[in-house]
Amino acid sequence: VRLVTLGGAFVSYGLAESVAPETGVAAAAATGVALGNVDLPHREEVVKFGRDLTLVALSFVFISLAALIDFEALLGLGLGGIAVVIAVTLVIRPLVMFLSARESVFTRNERYFLSFVGPRGIIPASVATLFAIDLQQTGATAEAQTLVGAVFLVIFVTVVLQAGLARQIAELFDVQPMKTLIIGGGRVGRTLATRLTKRGENVTILDRDPAVVETLQSDGFRATTGDGTETATLSEHGAENAKLVVAATANDDTNLLVSQLAKNKFDVETVIARVNDPDNVPAFDALDVRAIDVSSAMAWSIDNEIERPSLAHWMNQLGDGHDAQEVTVTSETFAGQTVQQMGSEIPQGVLIAVVDRDGETFVPHGDTVLEAGDRVTILGDEDDVEKAIKRVHPHD
């Protein structure tokens with residue numbers, strides 16, 4: 001497969017160059033785009049091969065760039081070189097980022113993060129190498145060294161500082177890696193992703209069907225093509241950093257395998273699975289996976305509409321001005337306080353409705369003393385609930 005792929009790229013390049021100069025790269029790229037939209041076998045193997053070739057090309061370009069650098073000229077940039085780095089990292093990058101993402105799904109903090117974490121790499125290195133060679137051929141050796149030195153300095157500083165401190169910058173802006181991974185982009189996965197995204201969660205949907213993924217992406221979801229039953233695929237898409245994995249396909253065997261990998265291989269904190277056949281629930285329970293039996297969930301929803309219609313409507317409209325969230329008490333201020341005392345320090349528009357302590361769930365009263373580690377359910381206006389969560393659970 002790899003040889004055929006590489007051969008196809010060379011043939012496309014060679015044929016185009018034989019017809020018209022400077023058209024080989026465009027022809028090879030067009031061939032790749034065309035094949036990428038065709039349902040071909042061994043697609044994943046081709047993608048992996050492409051990554052390997054990219055790594056080789058990147059290494060070659062960076063070595064070529066480094067070979068052109070005169071380190072004395074680099075040091076000679078002085079304050080001018082520092083000014084270029086500051087302009088690129090603190091002025092141009094943030095400005096371009098905010099202009100590009102003004103209508104995107106990124107939050108304000110995510111835009112700040114993207115503005116200040118932008119390590120330079122292959123594109124400026126390639127362009128600088130090309131122009132430096134052209135300048136040297138015209139006799140402008142000093143100008144070529146200045147150009148390459150300035151670009152290399154920007155690359156070096158951004159890679160060392162921005163890439164090296166990416167985790168700390170993410171913590172500063174409260175931007176965390178992928179939090180939720182949903183396997184299955186059908187109606188269940190899509191609806192769940194919509195609700196979680198509205199609450200500000202970082203959600204990525206993984207589905208085998210490229211057509212489903214394309215539709216999800218066009219509708220604004222973070223979706224990618226892949227087989228969630230493969231360890232390499234889950235690892236590639238951030239299962240190690242996920243606090244929640246949801247197996248939401250229509251196949252119980254697939255959901256069971258996804259759940260097993262997430263629990264045992266990646267040690268994901270919370271794994272939830274859709275179960276289409278009630279007889280399969282014990283298999284999920286044995287893995288300590290939260291199994292949602294579709295038939296029981298549907299019956300429960302209908303029963304709520306019959307017996308508790310107002311509450312059912314309120315719950316179905318979560319996110320439309322009101323919310324209900326469950327959070328762990330980690331605040332040293334609130335641990336040891338009664339619910340009544342706590343009420344004076346959180347917004348008045350919220351209610352502590354339920355407390356879960358050591359597996360026992362109960363409705364608190366004013367004299368109930370909250371303890372560190374309690375799971376409390378907070379109801380109320382959406383903004384007030386968010387403020388209360390930050391007070392009750394400041395450590396995230």
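Every residue, even glycine, has its Cβ placed from backbone N, Cα and C.
Automatic, uncurated: that is what TrEMBL annotation is.
As the structure is a computational prediction, the values presented were derived from the model and not from experiment.
The feature domain 'RCK N-terminal' is assigned by TrEMBL to 177-296. Taken from TrEMBL, the feature domain 'RCK C-terminal' applies to 312-394. The feature transmembrane segment is assigned by TrEMBL to 53-71, 77-100, 145-166.
Within its own chain, the transmembrane segment (77-100) has Cβ neighbours under 8 Å at 111, 114-116, 118, 120, 146, 149-150, 153-154, 157-158, 162, counting only residues six or more beyond its boundaries. On the 0 to 100 pLDDT scale, the domain 'RCK N-terminal' (177-296) averages 91 in this prediction. In terms of DSSP helix, strand and coil, the domain 'RCK C-terminal' (312-394) has 21 helix, 27 strand, 35 coil.
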